[in-house]
């Protein structure tokens, strides 16, 4: 199944709008006063959606390989940027609602508490990926270097999950973080497996195309 | 909306007259209406009618306000105080208790008082309601998670009960044990905590006049999600110290092992006094947000030592950083 360029435009537009639904819901619930404590809800849901989008973006390559849907690659940049967008909102929630833009206080908090530090590192690592997401930047860096840089996401996703795990850890309520561990382990594990296969049998892989991991 | 009642011909200052429920709710409804416009009108109506139903369920409790022990802060809206709760026996989300606590049967109910006492007792709810004159006290409530509320509780000092059971010389601590009934409390099936929920105080803390044996709030009996039918409220400690839906009060020689302390000893100590200088390991306790009052876009308010209560004399000579 390969959509025509026109269909692809429609799909892209649909994904773009759908990805904004969580934000719209958040704004709606906050403005209507439906939430007793919006701060907590906003913090949680922006964090959740960062992880969802990271997982979805990481699922593009496996989906492409397993279902042979090469076209999904065209959605990956947008999905990755949405992960960054929700991470940015999550970070802003922390900086604004929690610390009221007191950067010194925020850094103190980041340094003191490992779970915040881990989340902060994951966020910082996403920044270069977002900055180099344009076509011009891909050209400037050269495909190979760009690819290597964007493998940072393999670090960001586990750090994000660790951040979530740690936040939940003391409450013995690990069902949700456990689910993310399984999904991310699966998504990254598949890549490791494919890389090993390629090492063992370099000619059998790739089906003549330049493969991206 | 103000209706004066005077039972027995005596004009009691009713708790609900402080800031009437209707005013709390109208304010919220008004804000909602403003924000939602007419589109959400249906949802709004549904919400308000549910509220009206809930009002009918909770009988009134006549209580004289104890002004000397009441905070001057503006009480939190009834809706917020009853729809944003930690009560893990009904689920871990803040909205779970209001949704799930309908299965709790607060009557009939008995509380047994036992352990190091000369006169162990088992009291039913009516006996508890009659044990001492009911007072209304407006207390600040500070949750360990960094939010706060102001709630007009109804009850009397726990010391009233303590003096009736006559603790022996061995009694150094008081342990509170909550109901843990799977049939009434869906959250008890989860492994989040070891059930039953257990909390404790040192005997002198339990005897402090501020420690309230609580049977109501906002001039009515306690709603299920707020710990019906009887709970304790210790306003200078984090909220989780104030055990809900108590079935047993035990006087002990040794410090009781409390639920949260057992679950995460590095995060929740036995004392758990509100203390802006002792951080929770995963967040600062220096500031808090007052539910429904502080805009979430504004700077958080500073947390006061002992939540602003004058109880420091209970802890002279005790290192509150070690004994957090």
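For all residues, glycine too, the Cβ spot is worked out from N, Cα and C.
What TrEMBL says about this protein:
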type: BINDING; residues: B:85, B:88, B:89, B:143, B:178, B:226, B:231, B:242, B:243, B:244; note: Mo-molybdopterin binding site
type: DOMAIN; residues: B:105-260; note: domain 'Oxidoreductase molybdopterin-binding'
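It is B:178, among the binding-site residues B:85, B:178, whose Cβ has the fewest other Cβ atoms within 10 Å in the structure shown. Here the domain 'Oxidoreductase molybdopterin-binding' (B:105-260) returns a mean pLDDT of 97 for the predicted model. A simple way to gauge crowding: the CB of residue B:89 (Mo-molybdopterin binding site) has 29 other CB atoms within 10 angstroms, across all the protein chains here. Counting every protein chain shown, 23 other Cβ atoms lie within 10 Å of the Cβ of residue B:231 (Mo-molybdopterin binding site).
DSSP assigns residue B:89 (Mo-molybdopterin binding site) to a helical segment in the three-state reduction. Largest Cα-Cα distance over the residues recorded as binding Mo-molybdopterin, namely B:85, B:88, B:89, B:143, B:178, B:226, B:231, B:242, B:243, B:244, equals 19 Å. Within 10 Å of the C-beta of residue B:243 (Mo-molybdopterin binding site) there are 26 other C-beta atoms, taking all protein chains into account.
For the recorded site, residue B:178 (Mo-molybdopterin binding site), the DSSP three-state label reads strand.
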